[in-house]
Amino acid sequence: MLLELLLASVLGFVIYWFVSGDKEESLPLEDGWWGPGSRPVGLEDESIRPFKVETSDEEINDLHQRIDRIRLTPPLENSRFHYGFNSNYLKKILSYWRHEFDWKKQVEILNSYPHFKTKIEGLDIHFIHVKPPQVPPGRTPKPLLMVHGWPGSFFEFYKIIPLLTDPKSHGLSDEHIFEVICPSIPGYGFSQASSKKGFNSVSTARIFYKLMLRLGFQEFYIQGGDWGALVCTNMAQLVPSHVKGLHLNMALILRNHYTLTLLLGRRIGGLLGYTERDMELLYPFKEKVFYSLMRESGYMHIRATKPDTVGCALNDSPVGLAAYILEKFSTWTNSEFRDLEDGGLERKFSLQDLLTNIMIYWTTGSIVSSQRYYKENLGQGFMAHKHERLKVHVPTGFAAFPCEIMHVPEKWVRTKYPQLISYSYMPRGGHFAAFEEPELLARDICKFVGLVERQ
(Lines of atoms letter the chains of each structure in order from A; the text may use other names.)
(Lines give C-alpha, C1' and ligand atoms only; values in the text may rest on other atoms or scores of the structure.)
Protein backbone atom coordinates (compact mmCIF):
# COMPACT_ATOMS: atom_id res chain seq x y z
CA MET A 1 0.00 0.00 0.00
CA LEU A 2 2.80 2.40 0.91
CA LEU A 3 4.61 1.55 -2.31
CA GLU A 4 1.47 2.25 -4.33
CA LEU A 5 1.01 5.60 -2.59
CA LEU A 6 4.64 6.48 -3.22
CA LEU A 7 4.39 5.58 -6.90
CA ALA A 8 1.16 7.53 -7.24
CA SER A 9 2.78 10.56 -5.58
CA VAL A 10 5.79 10.40 -7.87
CA LEU A 11 3.58 10.00 -10.94
CA GLY A 12 1.43 12.91 -9.81
CA PHE A 13 4.51 15.08 -9.30
CA VAL A 14 5.86 14.20 -12.76
CA ILE A 15 2.51 15.01 -14.39
CA TYR A 16 2.28 18.27 -12.46
CA TRP A 17 5.85 19.18 -13.42
CA PHE A 18 5.24 18.79 -17.13
CA VAL A 19 1.72 20.25 -17.20
CA SER A 20 2.57 23.26 -15.06
CA GLY A 21 5.84 23.82 -16.88
CA ASP A 22 4.30 23.86 -20.33
CA LYS A 23 1.39 26.18 -19.56
CA GLU A 24 1.73 29.39 -21.56
CA GLU A 25 1.25 31.88 -18.77
CA SER A 26 2.37 35.49 -18.92
CA LEU A 27 3.16 37.98 -16.18
CA PRO A 28 0.50 40.56 -15.30
CA LEU A 29 1.46 43.93 -16.74
CA GLU A 30 0.29 46.01 -13.75
CA ASP A 31 1.60 49.56 -13.18
CA GLY A 32 3.85 51.45 -10.78
CA TRP A 33 5.07 54.76 -9.41
CA TRP A 34 8.73 54.95 -8.40
CA GLY A 35 9.32 58.69 -8.15
CA PRO A 36 9.49 60.53 -4.81
CA GLY A 37 6.26 60.94 -2.86
CA SER A 38 2.80 60.01 -4.07
CA ARG A 39 1.76 59.77 -7.69
CA PRO A 40 0.53 63.24 -8.71
CA VAL A 41 -2.99 63.73 -10.00
CA GLY A 42 -3.32 63.87 -13.78
CA LEU A 43 -1.49 62.34 -16.70
CA GLU A 44 2.27 61.90 -16.72
CA ASP A 45 4.29 64.08 -19.07
CA GLU A 46 5.09 61.75 -21.99
CA SER A 47 7.35 64.13 -23.89
CA ILE A 48 10.73 62.89 -25.11
CA ARG A 49 13.50 65.41 -24.46
CA PRO A 50 16.97 65.58 -26.04
CA PHE A 51 19.76 65.07 -23.50
CA LYS A 52 23.51 65.64 -23.54
CA VAL A 53 26.18 64.30 -21.23
CA GLU A 54 28.01 67.21 -19.63
CA THR A 55 31.01 67.77 -17.40
CA SER A 56 32.85 70.65 -15.78
CA ASP A 57 36.31 71.63 -14.62
CA GLU A 58 35.07 71.39 -11.03
CA GLU A 59 34.01 67.78 -11.56
CA ILE A 60 37.36 66.85 -13.10
CA ASN A 61 39.39 68.73 -10.46
CA ASP A 62 37.51 66.97 -7.68
CA LEU A 63 38.29 63.60 -9.29
CA HIS A 64 41.99 64.46 -9.58
CA GLN A 65 42.19 65.59 -5.96
CA ARG A 66 40.65 62.34 -4.77
CA ILE A 67 43.07 60.29 -6.90
CA ASP A 68 45.99 62.32 -5.52
CA ARG A 69 45.00 61.33 -1.96
CA ILE A 70 45.31 57.65 -2.77
CA ARG A 71 46.23 55.23 0.03
CA LEU A 72 46.87 51.70 -1.21
CA THR A 73 47.90 48.49 0.54
CA PRO A 74 50.78 46.61 -1.14
CA PRO A 75 49.72 43.25 -2.61
CA LEU A 76 51.02 39.96 -1.28
CA GLU A 77 53.99 38.51 -3.12
CA ASN A 78 53.03 36.54 -6.24
CA SER A 79 49.32 37.06 -5.53
CA ARG A 80 48.56 38.49 -8.98
CA PHE A 81 44.71 38.81 -9.15
CA HIS A 82 43.89 35.92 -6.82
CA TYR A 83 43.12 38.27 -3.92
CA GLY A 84 41.18 40.74 -6.04
CA PHE A 85 42.51 43.77 -7.87
CA ASN A 86 46.31 43.97 -7.63
CA SER A 87 47.28 47.37 -6.22
CA ASN A 88 50.58 47.47 -8.12
CA TYR A 89 48.71 47.40 -11.42
CA LEU A 90 46.11 49.77 -10.00
CA LYS A 91 48.86 52.39 -9.66
CA LYS A 92 49.41 52.26 -13.42
CA ILE A 93 45.70 52.73 -14.09
CA LEU A 94 45.48 55.63 -11.65
CA SER A 95 48.47 57.35 -13.26
CA TYR A 96 46.79 57.06 -16.67
CA TRP A 97 43.47 58.23 -15.24
CA ARG A 98 45.05 61.21 -13.52
CA HIS A 99 47.45 62.39 -16.24
CA GLU A 100 46.32 61.05 -19.64
CA PHE A 101 42.61 60.20 -19.60
CA ASP A 102 40.60 63.02 -21.19
CA TRP A 103 37.07 62.95 -19.80
CA LYS A 104 35.96 65.93 -21.88
CA LYS A 105 36.95 64.08 -25.04
CA GLN A 106 35.09 60.99 -23.88
CA VAL A 107 32.00 63.08 -23.20
CA GLU A 108 32.12 64.15 -26.85
CA ILE A 109 32.29 60.48 -27.85
CA LEU A 110 29.34 59.66 -25.60
CA ASN A 111 27.38 62.47 -27.24
CA SER A 112 28.16 61.17 -30.73
CA TYR A 113 24.92 59.16 -30.47
CA PRO A 114 21.59 60.91 -29.81
CA HIS A 115 20.58 60.82 -26.13
CA PHE A 116 17.09 61.37 -24.75
CA LYS A 117 15.12 61.32 -21.53
CA THR A 118 11.44 60.71 -20.84
CA LYS A 119 9.33 60.28 -17.71
CA ILE A 120 7.86 56.83 -17.11
CA GLU A 121 6.25 55.75 -13.83
CA GLY A 122 7.74 58.77 -12.09
CA LEU A 123 11.33 58.21 -13.25
CA ASP A 124 13.40 60.12 -15.79
CA ILE A 125 14.52 57.35 -18.16
CA HIS A 126 17.69 57.90 -20.18
CA PHE A 127 18.28 56.16 -23.50
CA ILE A 128 20.19 56.46 -26.74
CA HIS A 129 18.29 55.99 -29.99
CA VAL A 130 20.38 55.36 -33.10
CA LYS A 131 18.78 55.15 -36.53
CA PRO A 132 20.50 53.81 -39.67
CA PRO A 133 22.35 56.50 -41.65
CA GLN A 134 20.71 55.13 -44.79
CA VAL A 135 18.13 52.46 -45.58
CA PRO A 136 17.89 50.72 -48.97
CA PRO A 137 14.66 51.48 -50.89
CA GLY A 138 11.74 49.32 -49.84
CA ARG A 139 13.37 48.28 -46.58
CA THR A 140 12.37 49.13 -43.02
CA PRO A 141 14.88 48.97 -40.16
CA LYS A 142 14.04 46.54 -37.39
CA PRO A 143 13.69 48.06 -33.90
CA LEU A 144 16.10 46.44 -31.45
CA LEU A 145 16.16 47.18 -27.72
CA MET A 146 19.52 46.33 -26.09
CA VAL A 147 19.77 46.23 -22.29
CA HIS A 148 23.01 46.34 -20.29
CA GLY A 149 23.82 44.86 -16.88
CA TRP A 150 26.20 45.48 -13.99
CA PRO A 151 28.95 46.69 -13.90
CA GLY A 152 28.33 47.84 -17.45
CA SER A 153 26.24 50.64 -18.90
CA PHE A 154 24.75 51.81 -22.18
CA PHE A 155 28.35 52.50 -23.25
CA GLU A 156 28.90 48.74 -23.66
CA PHE A 157 26.97 48.95 -26.93
CA TYR A 158 28.87 51.78 -28.59
CA LYS A 159 30.99 49.47 -30.76
CA ILE A 160 28.20 47.10 -31.76
CA ILE A 161 25.71 49.83 -32.72
CA PRO A 162 27.34 50.76 -36.07
CA LEU A 163 27.55 47.06 -36.97
CA LEU A 164 23.78 46.82 -36.57
CA THR A 165 22.68 50.19 -37.96
CA ASP A 166 25.18 50.40 -40.83
CA PRO A 167 26.44 46.84 -41.41
CA LYS A 168 27.52 47.25 -45.03
CA SER A 169 29.99 50.01 -44.14
CA HIS A 170 31.61 47.63 -41.65
CA GLY A 171 31.98 44.60 -43.88
CA LEU A 172 28.81 42.81 -42.78
CA SER A 173 25.71 41.77 -44.69
CA ASP A 174 22.97 44.38 -44.84
CA GLU A 175 20.20 41.78 -45.05
CA HIS A 176 19.07 43.03 -41.64
CA ILE A 177 19.39 46.68 -40.62
CA PHE A 178 18.43 47.81 -37.15
CA GLU A 179 17.24 50.89 -35.34
CA VAL A 180 18.87 50.50 -31.91
CA ILE A 181 17.53 51.73 -28.58
CA CYS A 182 19.80 51.39 -25.52
CA PRO A 183 18.23 52.58 -22.25
CA SER A 184 19.95 52.90 -18.89
CA ILE A 185 18.34 50.74 -16.21
CA PRO A 186 16.80 53.07 -13.59
CA GLY A 187 19.44 53.67 -10.94
CA TYR A 188 22.25 53.18 -13.46
CA GLY A 189 24.05 56.06 -15.14
CA PHE A 190 21.74 58.81 -16.32
CA SER A 191 18.42 57.10 -15.54
CA GLN A 192 16.80 58.29 -12.32
CA ALA A 193 16.86 55.80 -9.44
CA SER A 194 13.72 54.58 -7.73
CA SER A 195 12.76 56.39 -4.52
CA LYS A 196 10.88 53.35 -3.28
CA LYS A 197 11.65 49.77 -2.33
CA GLY A 198 10.72 46.93 -4.66
CA PHE A 199 11.96 48.22 -8.01
CA ASN A 200 13.11 45.03 -9.75
CA SER A 201 13.65 43.55 -13.20
CA VAL A 202 9.92 43.15 -13.88
CA SER A 203 9.36 46.84 -13.12
CA THR A 204 12.25 47.67 -15.44
CA ALA A 205 10.83 45.47 -18.20
CA ARG A 206 7.45 47.18 -17.95
CA ILE A 207 9.05 50.64 -18.13
CA PHE A 208 11.13 49.68 -21.16
CA TYR A 209 8.03 48.26 -22.85
CA LYS A 210 6.30 51.60 -22.28
CA LEU A 211 9.38 53.32 -23.70
CA MET A 212 9.16 51.28 -26.90
CA LEU A 213 5.45 52.09 -27.25
CA ARG A 214 6.22 55.76 -26.69
CA LEU A 215 8.75 55.59 -29.52
CA GLY A 216 6.06 54.17 -31.78
CA PHE A 217 7.08 50.49 -31.84
CA GLN A 218 4.35 47.88 -31.42
CA GLU A 219 6.67 44.97 -32.24
CA PHE A 220 10.41 44.78 -31.67
CA TYR A 221 13.42 42.59 -30.98
CA ILE A 222 15.19 42.61 -27.61
CA GLN A 223 18.71 41.60 -26.58
CA GLY A 224 20.56 41.43 -23.28
CA GLY A 225 23.20 39.91 -21.07
CA ASP A 226 23.65 39.99 -17.28
CA TRP A 227 20.71 41.96 -15.79
CA GLY A 228 19.76 42.83 -19.35
CA ALA A 229 19.07 39.14 -19.99
CA LEU A 230 16.64 39.03 -17.07
CA VAL A 231 14.95 42.32 -18.02
CA CYS A 232 14.49 41.14 -21.61
CA THR A 233 13.22 37.77 -20.41
CA ASN A 234 10.66 39.55 -18.23
CA MET A 235 9.59 41.71 -21.19
CA ALA A 236 8.93 38.55 -23.19
CA GLN A 237 6.89 37.21 -20.26
CA LEU A 238 4.94 40.45 -19.83
CA VAL A 239 4.11 41.23 -23.46
CA PRO A 240 4.95 38.20 -25.63
CA SER A 241 2.77 39.42 -28.51
CA HIS A 242 4.93 42.56 -28.82
CA VAL A 243 8.32 40.78 -28.74
CA LYS A 244 9.23 39.44 -32.19
CA GLY A 245 12.35 37.77 -30.88
CA LEU A 246 14.52 37.53 -27.77
CA HIS A 247 18.31 37.21 -28.07
CA LEU A 248 20.45 36.52 -25.01
CA ASN A 249 24.12 36.01 -24.22
CA MET A 250 23.41 34.92 -20.65
CA ALA A 251 20.59 32.93 -19.07
CA LEU A 252 19.51 32.59 -15.44
CA ILE A 253 18.11 29.04 -15.38
CA LEU A 254 16.89 28.57 -11.80
CA ARG A 255 14.28 25.82 -12.20
CA ASN A 256 16.34 23.10 -13.78
CA HIS A 257 16.56 19.47 -12.68
CA TYR A 258 19.22 18.90 -15.34
CA THR A 259 21.86 20.67 -13.23
CA LEU A 260 21.83 17.76 -10.79
CA THR A 261 22.96 15.42 -13.56
CA LEU A 262 26.32 17.21 -13.65
CA LEU A 263 27.17 15.60 -10.33
CA LEU A 264 26.99 12.17 -11.96
CA GLY A 265 30.20 12.83 -13.85
CA ARG A 266 31.40 13.50 -17.34
CA ARG A 267 30.65 10.06 -18.79
CA ILE A 268 27.04 10.08 -17.62
CA GLY A 269 26.66 13.62 -18.90
CA GLY A 270 27.49 12.42 -22.40
CA LEU A 271 24.79 9.77 -22.18
CA LEU A 272 22.27 12.41 -21.15
CA GLY A 273 22.71 14.40 -24.33
CA TYR A 274 25.34 16.99 -23.48
CA THR A 275 27.66 17.77 -26.36
CA GLU A 276 31.41 17.37 -26.24
CA ARG A 277 31.70 21.17 -26.15
CA ASP A 278 29.35 21.27 -23.16
CA MET A 279 31.60 18.78 -21.39
CA GLU A 280 34.70 20.86 -22.07
CA LEU A 281 33.04 23.94 -20.60
CA LEU A 282 31.48 22.24 -17.55
CA TYR A 283 34.17 19.77 -16.42
CA PRO A 284 36.01 19.32 -14.18
CA PHE A 285 32.81 20.23 -12.37
CA LYS A 286 34.34 21.33 -9.09
CA GLU A 287 36.67 23.83 -10.74
CA LYS A 288 34.57 25.10 -13.66
CA VAL A 289 31.23 25.30 -11.88
CA PHE A 290 31.37 25.06 -8.08
CA TYR A 291 34.64 26.86 -7.30
CA SER A 292 34.11 29.34 -10.12
CA LEU A 293 30.71 30.38 -8.78
CA MET A 294 32.05 30.56 -5.23
CA ARG A 295 34.92 32.82 -6.30
CA GLU A 296 32.82 35.16 -8.39
CA SER A 297 29.59 35.49 -6.39
CA GLY A 298 30.78 36.93 -3.07
CA TYR A 299 29.86 40.46 -4.11
CA MET A 300 26.33 39.28 -4.86
CA HIS A 301 25.61 38.23 -1.28
CA ILE A 302 26.61 41.66 0.05
CA ARG A 303 24.41 43.43 -2.49
CA ALA A 304 21.45 41.12 -2.00
CA THR A 305 21.47 41.87 1.74
CA LYS A 306 23.03 45.26 2.66
CA PRO A 307 24.01 47.10 -0.53
CA ASP A 308 24.12 50.59 0.97
CA THR A 309 26.96 49.86 3.41
CA VAL A 310 29.71 49.12 0.90
CA GLY A 311 28.07 51.67 -1.37
CA CYS A 312 29.04 54.45 1.04
CA ALA A 313 32.72 53.67 0.48
CA LEU A 314 32.46 53.19 -3.28
CA ASN A 315 30.48 56.37 -3.86
CA ASP A 316 33.08 58.40 -1.95
CA SER A 317 36.24 56.98 -3.55
CA PRO A 318 36.87 56.86 -7.31
CA VAL A 319 39.89 54.63 -6.65
CA GLY A 320 37.83 52.11 -4.71
CA LEU A 321 35.07 52.27 -7.33
CA ALA A 322 37.54 51.62 -10.15
CA ALA A 323 39.15 48.63 -8.41
CA TYR A 324 35.75 47.17 -7.54
CA ILE A 325 34.38 47.40 -11.06
CA LEU A 326 37.52 46.69 -13.07
CA GLU A 327 38.16 43.46 -11.18
CA LYS A 328 34.95 42.14 -12.76
CA PHE A 329 36.14 43.14 -16.23
CA SER A 330 39.20 40.99 -15.57
CA THR A 331 37.91 37.67 -14.23
CA TRP A 332 34.47 37.78 -15.86
CA THR A 333 36.15 38.18 -19.23
CA ASN A 334 38.36 35.16 -18.60
CA SER A 335 38.77 33.41 -15.25
CA GLU A 336 42.37 32.51 -16.12
CA PHE A 337 43.24 36.22 -16.04
CA ARG A 338 43.52 35.77 -12.24
CA ASP A 339 46.97 34.36 -12.93
CA LEU A 340 48.24 37.56 -14.59
CA GLU A 341 49.88 40.50 -12.84
CA ASP A 342 47.67 42.96 -14.75
CA GLY A 343 44.53 40.83 -14.68
CA GLY A 344 44.58 40.68 -18.49
CA LEU A 345 42.50 43.86 -18.66
CA GLU A 346 44.28 45.41 -21.61
CA ARG A 347 44.19 42.18 -23.62
CA LYS A 348 40.52 42.76 -24.37
CA PHE A 349 39.78 46.40 -23.54
CA SER A 350 41.46 49.80 -23.66
CA LEU A 351 41.95 51.72 -20.43
CA GLN A 352 40.14 54.60 -22.11
CA ASP A 353 36.98 52.56 -22.63
CA LEU A 354 37.15 50.95 -19.19
CA LEU A 355 37.53 54.30 -17.45
CA THR A 356 34.73 55.84 -19.52
CA ASN A 357 32.41 53.21 -18.07
CA ILE A 358 33.76 53.94 -14.57
CA MET A 359 33.17 57.65 -15.09
CA ILE A 360 29.52 57.04 -15.94
CA TYR A 361 29.10 55.48 -12.50
CA TRP A 362 31.29 58.07 -10.75
CA THR A 363 29.86 61.28 -12.22
CA THR A 364 26.25 60.15 -11.74
CA GLY A 365 26.84 58.78 -8.23
CA SER A 366 24.89 55.69 -9.22
CA ILE A 367 26.90 52.86 -7.68
CA VAL A 368 24.63 52.62 -4.61
CA SER A 369 21.38 52.55 -6.57
CA SER A 370 22.87 50.07 -9.05
CA GLN A 371 23.72 47.75 -6.14
CA ARG A 372 20.23 47.99 -4.65
CA TYR A 373 18.99 46.27 -7.80
CA TYR A 374 20.47 43.04 -6.42
CA LYS A 375 18.51 43.27 -3.18
CA GLU A 376 15.28 43.99 -5.04
CA ASN A 377 15.78 41.01 -7.35
CA LEU A 378 17.54 38.49 -5.10
CA GLY A 379 16.85 39.59 -1.53
CA GLN A 380 13.63 37.59 -1.12
CA GLY A 381 15.33 34.28 -1.81
CA PHE A 382 15.37 31.51 -4.40
CA MET A 383 12.31 31.22 -6.66
CA ALA A 384 10.50 33.98 -4.74
CA HIS A 385 9.28 35.78 -7.86
CA LYS A 386 6.60 34.48 -10.22
CA HIS A 387 8.71 35.16 -13.32
CA GLU A 388 11.31 32.64 -12.12
CA ARG A 389 8.75 29.85 -12.44
CA LEU A 390 7.40 30.85 -15.86
CA LYS A 391 8.68 29.79 -19.26
CA VAL A 392 9.20 32.21 -22.12
CA HIS A 393 7.09 31.63 -25.21
CA VAL A 394 8.67 33.84 -27.86
CA PRO A 395 11.31 32.92 -30.47
CA THR A 396 14.65 32.89 -28.66
CA GLY A 397 18.28 32.92 -29.68
CA PHE A 398 21.23 32.24 -27.39
CA ALA A 399 24.93 32.98 -27.84
CA ALA A 400 27.06 30.83 -25.52
CA PHE A 401 30.37 32.62 -25.02
CA PRO A 402 32.99 30.16 -23.73
CA CYS A 403 34.43 32.34 -20.96
CA GLU A 404 31.08 33.28 -19.41
CA ILE A 405 31.05 32.80 -15.62
CA MET A 406 29.10 29.56 -16.08
CA HIS A 407 28.28 27.72 -19.27
CA VAL A 408 24.60 27.06 -19.93
CA PRO A 409 24.01 24.08 -22.28
CA GLU A 410 21.32 24.20 -24.92
CA LYS A 411 19.09 21.69 -23.14
CA TRP A 412 19.09 23.91 -20.04
CA VAL A 413 18.18 26.99 -22.06
CA ARG A 414 15.34 25.10 -23.70
CA THR A 415 13.73 24.31 -20.32
CA LYS A 416 13.10 28.03 -19.79
CA TYR A 417 12.83 29.08 -23.44
CA PRO A 418 10.99 26.27 -25.30
CA GLN A 419 10.89 28.30 -28.54
CA LEU A 420 14.68 28.36 -28.75
CA ILE A 421 15.46 28.45 -32.47
CA SER A 422 19.14 29.38 -32.38
CA TYR A 423 21.91 28.27 -30.02
CA SER A 424 25.48 29.20 -30.93
CA TYR A 425 28.75 28.09 -29.38
CA MET A 426 30.79 31.26 -29.79
CA PRO A 427 34.50 30.85 -30.61
CA ARG A 428 35.74 33.25 -27.92
CA GLY A 429 34.57 35.86 -25.46
CA GLY A 430 33.23 36.17 -21.95
CA HIS A 431 30.60 37.96 -19.90
CA PHE A 432 30.77 41.38 -21.59
CA ALA A 433 29.94 40.17 -25.08
CA ALA A 434 28.93 43.43 -26.77
CA PHE A 435 31.89 45.28 -25.25
CA GLU A 436 34.48 42.58 -25.90
CA GLU A 437 33.35 40.88 -29.12
CA PRO A 438 30.89 43.24 -30.85
CA GLU A 439 31.23 41.67 -34.30
CA LEU A 440 30.66 38.12 -33.06
CA LEU A 441 27.56 39.21 -31.17
CA ALA A 442 26.25 41.30 -34.08
CA ARG A 443 26.60 38.37 -36.48
CA ASP A 444 24.74 36.06 -34.11
CA ILE A 445 21.93 38.57 -33.62
CA CYS A 446 21.54 38.87 -37.39
CA LYS A 447 21.57 35.09 -37.81
CA PHE A 448 18.83 34.76 -35.19
CA VAL A 449 16.69 37.54 -36.67
CA GLY A 450 16.99 35.90 -40.09
CA LEU A 451 15.58 32.67 -38.65
CA VAL A 452 12.70 34.53 -37.02
CA GLU A 453 11.85 36.46 -40.19
CA ARG A 454 11.77 33.25 -42.24
CA GLN A 455 9.42 31.44 -39.87
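The backbone N, Cα and C atoms fix where each Cβ goes, and this holds for glycine too.
Annotated active site, nucleophile per Swiss-Prot: ASP226, in sequence order. According to Swiss-Prot, the active site, proton donor annotation covers TYR374. The annotation active site, proton acceptor is assigned in Swiss-Prot to HIS431 on the grounds of similarity to another entry. Per Swiss-Prot, the feature dimethylated arginine maps to ARG295. Marked as topological domain 'Cytoplasmic' by Swiss-Prot: 22-455. Sequence annotations record features per position, and here Swiss-Prot assigns transmembrane segment to 1-21 based on sequence analysis.
Annotated features taken from Swiss-Prot, shown on the structure.
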{"residue": "ASP226", "record": "active site, nucleophile", "CB count, 10 Å": "22"}
{"residue": "ARG295", "record": "dimethylated arginine", "CB count, 10 Å": "13"}
{"residue": "TYR374", "record": "active site, proton donor", "CB count, 10 Å": "20"}
{"residue": "HIS431", "record": "active site, proton acceptor", "CB count, 10 Å": "23"}
Which recorded positions sit within 10 Å of the residue listed as 'active site, proton donor' - Cα, from ASP226, ARG295, HIS431: none
To the nearest whole angstrom, what is the C-alpha distance linking ARG295 (dimethylated arginine) and HIS431 (active site, proton acceptor)? 15
